[in-house]
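Here Swiss-Prot flags Gly108, Ala109, His110, Gly111, Lys112, Thr113, Ser114 as ATP binding site.
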Amino acid sequence: MTVYHFVGIKGTGMSPLAQILHDNGYTVQGSDIEKFIFTQTALEKRNITILPFSAENIKPGMTVIAGNAFPDTHPEIEKAMSEGIPVIRYHKFLGDYMKKFTSVAVTGAHGKTSTTGLLAHVIQNAKPTSFLIGDGTGQGNENSEYFVFEACEYRRHFLSYQPDYAIMTNIDFDHPDYFSSIDDVFDAFQEMALQVNKGIIACGDDEHLPKIHANVPVVYYGTGEENDFQARNIVKSTEGTTFDVFVRNTFYDTFYIPAYGHHNVLNSLAVIALCHYEEIDSSIIKHALKSFGGVKRRFNEKQLGDQVLIDDYAHHPTEIKVTIEAARQKYPDREIVAVFQPHTFTRTQQFLDEFAESLSGADCVYLCDIFGSARENAGKLTIGDLQGKIHNAKLIEEDDTSVLKAHDKAVLIFMGAGDIQKYMRAYENVMA
């Protein structure tokens, strides 16, 4: 049997795919940078070998699965190609692999990871399920009926997939290094919609999704009257959120989620709609929604002295806004402090005013230096440009996080898609 070698095994899609293949009895290994990335923990638990990048890793008899961030000139990929060893890009491999199952793609500008995690949690309570979540979590099951996976619109990678179902959470302008406009983003989703085989579950409250055309039924969810699945009587508390669901104006059931913010009601509604469509009993859905513990790097809380620390992946103005709102729902009487690390110069430049506006929803703002991704390293923009647009915003360094101690009993939200976690760890060490 072939050995699957993953080039970039710590990637948020690559790591869970490696886990799935391992769980199904395949021999898996991979290579990546040596710096710790949170996605490697699940690999280490399975004793999957992680090697430093080297052309020497490539051996005859392997199948190489290449991460999308790595060009054909990468030493490992180059060696495999020169020696006739099969090289398959991540999204192409995934597109072929899912054909064995009833597949559900979860896509959208925001909410993909949380909704994928929630759907996987709920549906596996009813039927054997394999899943691939963009927080680095994967699970394979040889007897799976369903394959639930996160599908990213970046560089139109999701067009490699022809899923049975697609959940579309929203359309928004992001990835300005690739997409030219909101219309360009919409066109990508429209193209994706035409590749779905059985049905689309889409948010009808979204400005753009109601314009989607498809060759399969499109079921809409949201709070608006025109939706097929409508959440009504939403009650938010410090314990979570309760809401009634009406299916085409007929009462279906009442649901409780231990989660905060309007976006989590919509994510749950998408899952309820898909499960209803697949005739999963509402009692199973209700029970599973109650017990969902969330996904990695999405509103992950910990107590530190009299402060609450929250780690969140929010890196777009829309995500920052809803994360701050969720914190206010759970902690209405506490000071909310945002510690934000912008991710990529192109995104920061594109959304400078929007970042300033969304961060202003916090009581106090600290800014970390801009994190350049693997796709870019420098820009003319500096963090000072964003600081100048936010009243009283302060800059924070990894080696001087002690200023956060001044916020007695506050909720500190560390947000970003780069390495914002090192700032949170540094602060925890200061407080130890």
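Note that Cβ sites are derived from N, Cα and C of the backbone, with glycine treated the same way.
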Near-site residues: ATP, ref Gly108, Ala109, His110, Gly111, Lys112, Thr113, Ser114, CB cutoff 8 A to centroid: Val106, Thr115, Thr169, Asn170, Asn267
Close in space, distant in sequence - Gly111 (ATP binding site), Cβ under 8 Å, 6 or more apart: Thr169, Asn170, His263, Leu266, Asn267
Residues satisfying Cβ distance under 8 Å from Lys112 (ATP binding site), sequence separation of at least 6: Val106, Gly134, Glu150, Ala151, Cys152, Thr169
